[in-house]
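Going by TrEMBL, these are the annotated features:
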| type | residues | note |
| --- | --- | --- |
| DOMAIN | 283-416 | domain 'GGDEF' |
| TRANSMEM | 21-41 | transmembrane segment |
| TRANSMEM | 47-63 | transmembrane segment |
| TRANSMEM | 70-88 | transmembrane segment |
| TRANSMEM | 100-119 | transmembrane segment |
Amino acid sequence: MISLIFIVIYRYLRNDIKAKGSIIHLYVFFYLLIGAVSSLNSQLLNGNLYAYIIILIGVAVIFPVHPEYLLKNFTGVHLLFVIGLFLLEQDRVSFLIKLINSTGAAVISFTIALAFYTFRKNDFLNKRKLGRKEEVFRRLFNLNPNPLFLINPDSNEILLMNHQAVEYYQLRDIETDGSFLFRTPKEKDDIFTRLKEQGTIKNIVTEQQITPYIRKWSMLHFELVDYLDHTCMLIGTTDITDIKKTEEELERHASYDMLTGVKNGRIGIEQLRKQVSGGPESEEFFLSFIDINDLKKVNDRLGHASGDDLIKTCCETLKRHIDHHDVLFRLGGDEFIILFFKKKREDVEHIWGDIQRDFEFLNEEKQKQFHISVSHGLYHYVPGAPITVEEILETADQEMYKEKSLYKEREASFGK
């Protein structure tokens, strides 16, 4: 009944913290007092103090009261208990024994209460500190300008993701599976294994399929962190799509001739050298060394814009007559190289005949202010042949000059 009354009063004092504290201390005092009175009553009947000792230990274990207030309650009630015991116990030896036992029980109970209170206080403070750390972590997590994920590596569950991650990956806020961040489960396992050894992994560049129609280049950073007593992967994403596009553009400028759009001499020679260095395992091909006729005359008479137009016209004509097996590149100036693969000599000669007819058609139609023609020399490479790239080019160049000499003789005979 007394407990019920205290509960009603406690609930009535909802917002008055100080008053509620006083009610708790008063309740503990009455609880101890009832135990002391009950024990004194037992003293009259059978001479034992068990009820008092049990109440002392019970209060010490059950009630997380501040030691200062509990000591006051213990001291006040115990003094009243000792006075009552002194008045009821006529045998002074028995009184002394019961005094020592009850006082020892009170001291032990207070020590237990102090230990429990200290433990509960430290546990509370640690949890509050952990909660504050979690709050700070979440705040910093959400304020980070880059997409961030916190993932459980065992289940791939997304524990946290900031707004930037939702926008970057076009996710829903309820998305919980983070496996899309990895190309394969094995890649995730390998990264997690490395993280356990290194703690952090930076600058992993990967191309990610964001949607069926959008792909982005990302630089991922991984870190192993403890979150809510779990070992988790913190994954940061940096969008490097624009950087990759710039790199590709620079690579294109470094690999392709800007005037004609075909591969430049550096890349072309590298590919030719790779073919020749394969030895007997390399592929058979025909190399055609091409030189545009009278480019210097066009530049001198009509200007370099017309000269560039002549180069582009010749290149476009060449491109129309090669297939995906073949390689066309500009060696430099007015010189081009075609590598013909998977073709016989008669196939190459037939292609060259078609190219010459296209030039003749352009000249007959007089679509340009200048005459269009080229000279070419052919070299047949057989896998395993003891010859260098330089020797191949020199041989084809010599063949080309034979044709160019004939062209110049014809031009001279017509007075051009």
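Sequential numbering from 1, following the chain as shown.
Cβ coordinates are placed from backbone N, Cα and C, and glycine is handled just like the others.
Remember, predicted model here, so these are calculated numbers, not experimental data.
Secondary structure counts, DSSP: the domain 'GGDEF' (283-416) has 71 helix, 29 strand, 34 coil.
Within the chain carrying the transmembrane segment (100-119), a Cβ under 8 angstroms from the stretch's Cβ atoms is held by residues 49, 52-53, 56-57, 59-61, 63-67, 70-71, 74, 78, 81-82, 85, all 6 or more beyond its ends. Summarised as a single figure, the pLDDT of the domain 'GGDEF' (283-416) averages 93.
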